[in-house]
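Asker: Before I ask anything, let me first share the structure, which is written out below as structure tokens.
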Amino acid sequence: MESDIINWSNKEVLDLLHKEKISSFLTDIFKSQDIDGQCLLSFVDRDFYDFPFDQLKLGERKRFILLVKKLQKHNRNAMFELGLCDDAQSNPSTNINFLGTNLSHLSYNLHKKIPSEIYTRSSECVSTYTPEVKASRLKPEIWKTAIALGYLFLVTWVTAVVMVIVHDKVPDMKKYPPLPDLFLDNVPHIPWAFDMCEITGSFLMAIWLVVLFFHKHRFIILRRFFALAGTVFLLRCFTMLITSLSVPGSHLKCEPRSYPPADDLTVWGRRLKQAYDIWSGAGMSVRGVRTCGDYMFSGHTVALTLLNFFITEYTPRNLYLLHISTWVMNMFGIFFILAAHEHYSIDVFIAFYITSRLFLYYHTLSNNQALMQNDSSRTRIWFPLLSFFESEVDGIVPNEYEGPLTIINNLRLWFVQLITDVKESSIAKTAGTKLQEGAAMGEYSVVKLVDGIKRNLSLVEEYKTARSQRLVTFDKNIQAGLLDECPDVELRRRNLAEFPGESLLREFSNPPSPVMKKSI
């Protein structure tokens, strides 16, 4: 290939397409989009399937991809000069942890159905293409994390109550001996093994807390941890209640508790107290918690597996020693559970399978929002917590970390903002109270004004009515006086039409004018 492809113009690129016998449709696209040599070297896998190349036939697209890959292979120096190629010999999009628990690079743009490209681990340089599935919205949403924590607390409390119930239902060891088990029948009982399992889990928890402290998106991954842990333990409540397995080892002293009558506590009161002891002790034997009957499935295995998977997922890919260590601790923790004969082998296997599958399902759906959007109604039904908690996360959560100084500075800014919000809310509350008082006073003034206007109008009406009545009474008095001055005989002889006062009566039949009233 030409070594100066970085300086090629659009005409030289078109000449190459003609030479390689690429279709005229693709040539027209290159001409209309003004693609030169640098643009040709910067092609990534996604570009082959986006507009305007999405109209290509399969054969045209494949020949075009092969041509571009060939150019990129023979022009590594030019790509390095343009910043399109680094020293890494493997593509990040296929740099999968060998244990297969890192899902960040297993997520593809399934909505567009982009096929995975084959990358070699030789000295060849490939385009640094990373699938465009990293989240663009990463809101902490602390209130959702608080809801997830409350959900976990509620589920663990229900689990503690169920553990007390199943302990009282444990089968009689004399009547129901331990079931045949391939592992337990061939591995002798180790008394201290269960304590070692819990110590191993404590180490994993310490590592997880360190990762959580320095991770930039700690509230998102903490919310996911609470949601998954709560869901798995909720499933465990059902499996414990449905079937009561016999005690797996004769060394275990498991008998149903008796509840003698007491004055201060009822039977359920005693059960709730025992449930609180289990809940506060986190179900760990090193803290004095001993239960029986809670075999299907193993809660210790759930805790170990969740911690292992979260540490592996939310730490950098190149921390191989850390990932190997967490997996070794996970496997040894499971071995210690079985060596202590605290659970059947099926308890541990089911616990690991359910926890790992639920972790993978949750992260696959959350990393590929297209799956959730295409079937959102069914996702809300079967994964309601996923739909709620991941509504503002539209892709992969990147593993970004913060130093101690940055964390302290963020905490300081958070406290300052919190104090400012509290002050503003108090000022707004005071202003709102004053505004309400002013509005109430204004409303009171308006009501008083309206009442005054109504009262004045009623007084005016009363005055008009009284004045009209006085005028009518006055007119009748005048008419009566005129009639008294004439004798009755004369009134009978004379026609009323000739009566000289008729004109006056006619005049006074209507209300007198103001001038006449004044003269009168």
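Backbone N, Cα and C define each Cβ position, glycine as well.
Feature annotation from TrEMBL assigns domain 'Sphingomyelin synthase-like' to 291-364. For 146-166, 192-214, 226-247, 295-312, 319-338, 344-362, the entry in TrEMBL reads transmembrane segment.
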Asker: When you look at the transmembrane segment (226-247) alongside the transmembrane segment (146-166), do they share 3+ Cβ pairs under 8 Å, ignoring any pair fewer than 6 residues apart in sequence?
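Answerer: With 3 or more qualifying Cβ pairs, these stretches touch.
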Asker: Restricting to the same chain and to residues at least six past its boundaries, which positions have a Cβ under 8 Å from a Cβ of the transmembrane segment (344-362)?
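Answerer: Non-local partners: 103, 179, 181-184, 224, 227-228, 231-232, 235, 239, 245, 248, 295-299, 301-302, 305-306, 309-310, 334, 337-338, 383, 386.
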Asker: Tell me the residue counts in helix, strand and coil for the domain 'Sphingomyelin synthase-like' (291-364), as DSSP assigns them.
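Answerer: In the domain 'Sphingomyelin synthase-like' (291-364), the DSSP-based counts are 55 helix, 0 strand, 19 coil.
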Asker: If I take every residue in the domain 'Sphingomyelin synthase-like' (291-364) and average their pLDDT values, what number comes out?
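Answerer: Here the predicted model's pLDDT, averaged over the domain 'Sphingomyelin synthase-like' (291-364), is 93.
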